[in-house]
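What TrEMBL annotates here:
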REGION    1-23  region 'Disordered'
DOMAIN    27-95  domain 'HTH gntR-type'
COMPBIAS  95-104  compositional bias 'Polar residues'
REGION    95-128  region 'Disordered'
COMPBIAS  113-123  compositional bias 'Basic and acidic residues'
Amino acid sequence: MQTDSHSVAAAPRPVGSLDLHLDRPAGRVRDSVMDAVRDAIQSGRLMPGARMPSSRALAADLGVARNTVARAYAELIVEGWLTSHHGSATLVSQRAEQITSSLASPPRHRRPPRLEHDLRPGHPDLSSFPRTEWSRAVKKALAEAPFEAFGYTDTYGRPELRRALAQYLARARGVRARPCNIVVTSGAAEGLSLVARVLADAGMSAVAVEAFGLPAQWASLQRAGLRCPPLRVDNDGADVEVLADLPDVGGVLLTPSHQFPLGMSLHRDRRAAVIEWARRTGGVIIEDDYDGEFRYDHSPPGALHAADPDHVIYMGTASKTLAPGLRIGWLVLPERLVDAVAQQKGETEETSGFVDQLAMAEFIVSGSYDRHIRTMRAEYRRRREQLVAAVTESSPATSVAGTPAGLHVMLELASGDESALSRKRPWRRLGIAGLDAYRHPETSRERDGLVVGYASPAPSAWSAALEALTAQLP
């Protein structure tokens, strides 16, 4: 399509005939669409103010799912390339020229700086991945896979894995789930995205979130059109009692076993209160049990799901217990939501391969998964104890918050220390972020802290990583 800047500025019109090239057909289609739109803007084929084709029209033109284009548009809006208001067309942002200029010199896909020591929270020790046992599971899965497994992937997930997960979750987390209530996902991020879109399609307008958490999760809810009012978090976890004063909130996203990033467990009285709220209002609780297997002072607390499977959506993942690269997660859903979530999943291109699903099923059934978790629980407990001792000795003014659990700690600092420390270059080389990075934008800054992971370094690198951490503490 040929156009000039005067015609675009005077009368924005759809660029439905724009020739977009998907340069990475082997990758995620959504990423390819985003790259193609960025390239069109950077090359000048799309000018600021140009009206983008509808997601339906562009999807038909490219031969991809409409939902893929819609999600690509949503990501590009967050990045600032596009702009849109509710009920109006999607336009190329006037800020796009600024973004393009800022990207003119460095390469567009810059790698993050290399970490001297990886102390990012939520990352497991990949050097301890059980290669031998996993290879054995893959070999058996391939040898015994039924012919139909080599066909198109079932959007619900392989039945073998769903059965294995039902047994494992009941045994390890107290989750009462039948295989038919489980949908296999490519990870927790996809699971939340699927749930968010289903809830929004059903008419929900808002899902409350914890005042400290993962901004990526809030963005996922917002991309589905859901508002995310924050709930205050104290030593007993999220203040769920205030849900009674939020009549437009139909759901709540919680990390009850180990709040991220502050580290406490949701108090039993608040567990009872949020269940009572859900039953009384018909609300939905989304339970993110991201590292529930790792508790070090006693047995892990049972999942909230066990209290009311009809009102709790349980999200789990192998990313923390095994490796994020496996792209395996799961949702345990109330019966009324299972088909809708599976249908929503069928409209995306993201899925876990059948070989990995069958291997995961075998890994669980054989007992290898339980053995690996026990091994890593002992290792992570040792590291946490060493971290607490080292911090106590080197920085008496710094305290470790939260329960002994998970793959990270929150180091509580004196007021003002977080801002001062976050400006120091060594923190960036350790992958450590201040608590402010996880604070909801509608939440006031009331405490200072650092969120430190201790699981990622290989055993041989752990001592040096710990020394690098304590050397920078106030």
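Backbone N, Cα and C define each Cβ position, glycine as well.
The average pLDDT for the domain 'HTH gntR-type' (27-95) in the predicted structure is 79.
Applying DSSP to the domain 'HTH gntR-type' (27-95) sorts its residues as follows: 36 helix, 7 strand, 26 coil.
With helix defined as DSSP H, G or I and strand as E or B, the compositional bias 'Basic and acidic residues' (113-123) counts 0 helix, 0 strand, 11 coil.
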